[in-house]
Amino acid sequence: GDGIARENSPFINSAEMDRGNMYEGKNMALFEEEMDSNPMVSSLLNKLANYTNLTQGVVEHEADEDSKRKEVKVPRMGTFIGVYLPCLQNILGVILFLRLTWIVGTAGVLESFIIVFMCCACTMLTAISMSAIATNGVVPAGGSYYMISRSLGPEFGGAVGLCFYLGTTFAGAMYILGTIEILLTYISPSAAIFKAEEAGEETEAMLNNMRIYGTCIIILMAIVVFVGVKYVNKLALVFLACVILSIIAIYAGVIKTAFDPPDFPICLLGNRTLSKRSFDVCAKFTESNNETKTTTLWNLFCDSSLLNATCDDYFSLNNVTEIQGIPGIMSGVLADNLWSTYSEKGSIVEKKDQPSVAGSEEIKMGGLPYVFTDIMTYFTMLVGIYFPSVTGIMAGSNRSGDLKDAQKSIPTGTILAISTTSFIYLSCIVLFGACIEGVILRDKFGEAVNGNLVVGTLAWPSPWVIVIGSFFSTCGAGLQSLTGAPRLLQAIARDGIVPFIQVFGHGKANGEPTWALLLTAGICEIGILIASLDSVAPILSMFFLMCYMFVNLACAVQTLLRTPNWRPRFKYYHW
């Protein structure tokens, strides 16, 4: 009565509003050129062609806020293409292919199950908090940073944004290191620049190779990103297909081991695993034409090829045996792999219940062809290495401006993607433990199986499916980190919260963040100079954990304080 319009609040449930909302999101044929003339398949293909995994740039975001006057018709994306697929692609990554088998072997099936469950629970709770933040008010265009900073104020936004930025940048470094590891260990070992002269120098040579190749790749990728993000976008779908095909290949391989396990023999001396890189026949001597010849293996342990040569103590006391590396899912190998075997650095990978006679241990092990562990392992360290493989849950909100219904899509898509990937990880752990012999699981670079990728030995048509698939997917993920991170930094710089990074707000005329790209490549280079995937991953875990902690904290504080502007439509959160 007093001339104040009725306030639009969730508590006043009025019929008029419902009638108004009836038409929202409906295609009114009057304003639409072709109503539903496109058949289903072609429209799906069209959507897939528009699939992208990039954050919106600052310029797009500002244009989005300004240009309410000229509405351009963009193909709006649904939950599946807009949120679910980018999340899936960002979560499944390099750790699954390069380190998961090793984590299962070292921690045992039970403890690695606990590790994965902890990490997945962590991201799931963060996703729930993020959904609450996303559905509080209008979802702004411009990705997760804008969403958080517009909803919680610039201070929180800046804190989360910087952690998220550093995390994404180091993720780029980790992906690049993964790419080079796949290239130099499994695709073409001959491409290495530094070769190990003596037995103990392999790791040093490998690290230097990583540094040189990594620097080259980062320069290449920075140029690609500088020249055009369009091209990275076009490739997003290809990389996604690689990941999905690789995972299907792993599952197919597991099913195949049930009735026809692949033939990957491993050579044991006593209970110690031997590295197959330096010999081929797994025996001390061979019989041919009634004369006994010594093998290459004999020459590695003894001082001459004669039968009366002086040999290594352990070698002369123990027998050489050959066992199947992948006994298959029906073999009951799961029981041996249940418990953890943590070890010191440089210890020999041994099979638990194999008979072995101890020799005198004074002799140096360095030159002998055993499989050694390359770092010391313990539970928390494995958590640190594994955690980056569950990050990437923010990717769904990256294109928040392009979603048909962001309020619905972001929660649904993110939570579905996390459930899917958690299922993949947890099932992979049990299946790896049930199919693969423990010594191979603990052998990080597959030396006992001729330098094959351990997951690859399990995959169905051939190990190359996984090697090539993981190579391309890590390449693509690295590129995407390098495209996403500068835009994020530019957005933070434009908001002017941190004074000294305002320089990075400037870019090319079309808004591509040039300075931010340089800084990102520089920080990435730090990660690459560390050169070991196992040392970069925990750094990355810290950044992402801080970022997720801020998101959860923000949600909790707002809920506890009952702030008047905190009214998420997503109801399933709790402080």
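All residue numbers here begin at 1 and follow the chain in the order shown.
In case you wondered, yes, glycine gets a Cβ from its N, Cα and C as well.
Database features (TrEMBL):
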| type | residues | note |
| --- | --- | --- |
| DOMAIN | 83-257 | domain 'Amino acid permease/ SLC12A' |
| DOMAIN | 376-575 | domain 'Amino acid permease/ SLC12A' |
| TRANSMEM | 77-100 | transmembrane segment |
| TRANSMEM | 112-135 | transmembrane segment |
| TRANSMEM | 156-177 | transmembrane segment |
| TRANSMEM | 212-229 | transmembrane segment |
| TRANSMEM | 236-255 | transmembrane segment |
| TRANSMEM | 375-395 | transmembrane segment |
| TRANSMEM | 415-441 | transmembrane segment |
| TRANSMEM | 461-479 | transmembrane segment |
| TRANSMEM | 515-533 | transmembrane segment |
| TRANSMEM | 539-561 | transmembrane segment |
Answer yes if the transmembrane segment (415-441) and the transmembrane segment (375-395) have at least three CB pairs under 8 Å among residue pairs 6 or more apart in sequence, and no otherwise.
yes
Residue list, the transmembrane segment (212-229) vs rest of chain: Cβ under 8 Å, 6 or more residues beyond ends.
54, 173, 176-177, 179-180, 183-184, 193, 478-479, 482-483, 486, 512, 514, 517-518, 521, 524-525, 528-529, 531
Can the transmembrane segment (77-100) be said to touch the transmembrane segment (461-479) if we require at least 3 CB pairs below 8 Å and skip pairs under 6 apart in sequence?
yes
Under 8 Å, at least 3 Cβ pairs, sequence separation 6 or more: does that hold for the transmembrane segment (236-255) versus the transmembrane segment (112-135)?
no
Any chance you could find the range in 112-135, 375-395, 515-533 with the most Cβ pairs under 8 Å to the transmembrane segment (539-561)?
112-135
I'd like to know if the transmembrane segment (112-135) touches the transmembrane segment (515-533) in this structure, counting it as a touch only when three or more C-beta pairs sit under 8 Å and are separated by 6 or more positions.
no
Counting Cβ pairs closer than 8 Å, which of 112-135, 156-177, 375-395 has the most of them with the transmembrane segment (461-479)?
156-177
Does the transmembrane segment (156-177) reach the transmembrane segment (375-395) with at least 3 CB pairs under 8 A, where each pair is 6 or more residues apart?
yes
